[in-house]
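K.L.:
So TrEMBL lists the following for this protein:
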type     : residues : note
TRANSMEM : 7-31     : transmembrane segment
TRANSMEM : 37-59    : transmembrane segment
TRANSMEM : 80-98    : transmembrane segment
TRANSMEM : 118-140  : transmembrane segment
TRANSMEM : 152-174  : transmembrane segment
TRANSMEM : 186-206  : transmembrane segment
TRANSMEM : 227-253  : transmembrane segment
TRANSMEM : 265-288  : transmembrane segment
TRANSMEM : 300-325  : transmembrane segment
TRANSMEM : 345-367  : transmembrane segment
TRANSMEM : 374-395  : transmembrane segment
TRANSMEM : 415-436  : transmembrane segment
Amino acid sequence: MKQFLHLWVPIFLSNSIIMLAGIFDMIFLSHYSPQHVAAMAVCLSIYSLLFVSGTGILQGMMQELAEAYGRRAFDDIQKILKQSILIVGVLSVFAGWLLTHADPLLHLLKADSALQALIQPCLWLLAWTLPAHLLVRILYILTQACGQAKRVFYANIFYLIFKVSLAYCLIFGIQGYVPAYGVEGAFIAHLTVQWALLVVYYLIFLEKQLRVHWSGQFFHFKTLLKILRIGLPSAIVVFIDVFTISAIALLILPLGEIMVNAHQVARGLAGLLFMVPFSMSSAFSILVSTRIGANQVQSAWALTFKALRVVVASAVVLAVLIAIFQKPIVALFSDHTDVLTVSLALMFLLCWMHIFDAILVISVNMLRCWKVVIFPMFIFSGVLLLGGLGGGWYLAYHPVSLFNLNLDVSGISGFWWMLAISYTFAALMCLLCLALKYRKHLQTA
């Protein structure tokens with residue numbers, strides 16, 4: 001457990017710091033202009049789909065790095081690092097083109113001319129931010145996979161202080177020195193800090209033996225293929241997860257502002273809760289992959305099942321705490337009476353979903369360690385799109401009559417019912433897949 005805590009605590013704190021930096025931007029802009037808040041929301045919705053797809057592909061890098069570090073193969077670590085840089089280069093060109101040619105999407109979203117005028121320069125800034133953001137992510141993964149997660153935490157403290165200070169100055173301006181840029185200032189700060197962090201982390205925080213050896217062969221097809229075999233299915237899963245939640249936010253617009261705000265409250269709380277099993281799963285997957293790389297297969301399987309127990313137990317504890325203290329917790333997100341009423345009605349479903357979301361994320365991460373990625377991808381994608389999104393939309397807007405059971409239109413709760421059911425089914429199927437993989441191991445051992 002000491003090794004796990006040594007990894008998990010810095011990873012969890014690092015993820016929390018990154019979320020906190022985004023929250024500060026929203027708080028600053030909410031005191032600047034509601035229109036600028038809307039512009040930031042649209043920009044981040046587009047950017048997040050591209051960024052999480054990139055980080056999903058880089059998950060393949062994490063597994064390969066941890067295994068290579070387990071067998072102390074530093075030449076292989078260099079190959080993995082170089083292929084990851086090539087992947088980021090290709091992704092950045094593609095994403096940059098999309099971000100700088102987003103006019104058709106803005107018209108589809110029916111953004112007015114004033115909002116488009118705010119969004120377009122921000123998307124240009126994000127096009128130049130993404131390469132640095134993904135390259136920093138590579139360095140973080142490299143450091144964490146080699147058991148030095150504390151360095152990432154220290155770097156993120158630097159990031160938070162620099163980012164929040166610069167964003168405040170550029171959003172509101174400094175009289176007589178710096179004009180007020182509003183939402184554009186937030187993204188200028190993001191661009192500046194990401195590139196500064198990339199340079200500072202590489203030169204100061206990263207161990208010299210882990211730095212890129214620029215001489216010699218850079219492209220290695222076999223290593224690239226290994227990363228993509230794990231990374232591409234992971235990217236699809238992450239993309240569909242983010243896409244589904246974003247799509248629900250759009251599909252509930254006809255239900256009115258109260259329902260939309262209640263959904264945002266539940267979504268925000270679910271996101272905060274998810275940071276715990278997500279960071280635990282990242283830490284455990286590094287430890288399991290390291291043992292696999294060191295050819296300690298039985299020890300790796302023992303740690304796999306220990307990871308399941310720890311993550312599920314923590315999820316149950318968190319769900320119980322939310323159920324007990326739901327009123328004061330929800331009140332932190334909103335003070336509107338109607339929004340609070342609807343949000344509280346969703347808390348049971350949120351607690352249910354959190355438990356099985358935790359089971360799902362640890363199961364998928366453990367399966368990824370054992371090179372099983374295609375089945376979880378199809379299960380998660382199919383269930384979430386058809387059940388969570390499609391089924392939720394049907395329940396939200398249509399009455400249901402089935403086996404003498406008559407249900408009225410469910411509204412926002414219809415989406416959350418189907419999300420909870422979808423995550424439950426997907427989690428149980430992935431658990432079954434992990435059990436079958438272990439059974440196959442016992443038969444061949």
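Cβ from N, Cα, C; glycine included.
How buried are these features, and what lies next to them?
P.N.:
Within the same chain, residues 37, 40, 44, 140, 144, 147, 149-150, 152-153, 156-157, 159-160, 163-164, 167-168, 171-172, 182-183, 186, 271-272, 275-276, 278-280, 282-283, 286-287 sit at least 6 positions outside the transmembrane segment (7-31) and bring their C-beta atoms closer than 8 Å to a C-beta of that stretch.
Distant neighbours of the transmembrane segment (227-253): 45, 48-49, 52-61, 63-64, 80, 83-84, 87, 259-260, 263-264, 267, 364, 368, 371, 373-374, 376-377, 380-381, 384-385, 388-389, 392-393, 396, 412, 415, 419; these residues of the same chain sit at least 6 beyond its ends, with a Cβ under 8 Å from one of its Cβ atoms.
Sequence-remote contacts of a segment are chain residues at least 6 beyond its ends whose Cβ falls under 8 Å from one of its Cβ atoms, and for the transmembrane segment (300-325) they are 4, 269, 273, 276-277, 280-281, 284, 287-288, 291-292, 347-348, 350-352, 354-355, 357-359, 361-363, 366, 369-370, 431, 434, 438, 441.
Under 8 Å from some Cβ of the transmembrane segment (345-367) lie the Cβ atoms of residues 237, 262, 266, 269-270, 273-274, 276-278, 280-282, 284-285, 288, 304, 307-308, 311-312, 314-316, 318-320, 322-323, 326, 330, 373, 375-376, 380, 412-413, 416-417, 419-420, 423-424, 426-428, 430-431, 433-434, 437, all in the same chain and six or more residues away from its ends.
Long-range contacts of the transmembrane segment (415-436) within the same chain, counting only residues at least 6 positions beyond its ends with a Cβ under 8 Å from a Cβ of the stretch, are 248, 251-252, 263, 266, 304, 308, 346, 349-350, 352-353, 356-357, 359-360, 363-364, 366-367, 370, 372, 375-376, 379-380, 383-384, 387-389, 391-393, 395-396.
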K.L.:
Considering only Cβ pairs within less than 8 angstroms, which of the stretches 80-98, 118-140, 152-174, 186-206 has the most against the transmembrane segment (37-59)?
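P.N.:
That would be 118-140.
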K.L.:
Take the transmembrane segment (80-98) and find every residue of the same chain, 6 or more past its ends, with a Cβ under 8 Å from one of its Cβ atoms.
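P.N.:
For the transmembrane segment (80-98), the list is 50, 53-54, 57-58, 61, 64-65, 68, 127-128, 130-131, 134-135, 138, 141-142, 210, 212, 218-220, 223-224, 227-228, 231.
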K.L.:
What residues elsewhere in the chain lie close to the transmembrane segment (186-206), defined as a C-beta under 8 angstroms and at least 6 residues from its ends?
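P.N.:
Same-chain contacts beyond the ends: 25, 28-29, 40, 43, 122, 125-126, 128-129, 132-133, 135-136, 139, 142-143, 151-152, 154-155, 158-159, 162-163, 166-167, 170-171.
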K.L.:
Cβ under 8 Å to the transmembrane segment (152-174), counting only same-chain residues 6 or more beyond its ends: which ones?
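P.N.:
Result: 9-11, 13-14, 17-18, 20-21, 24-25, 28-29, 32, 140, 143-144, 180-186, 188-190, 192-193, 196-197, 200-201, 205.
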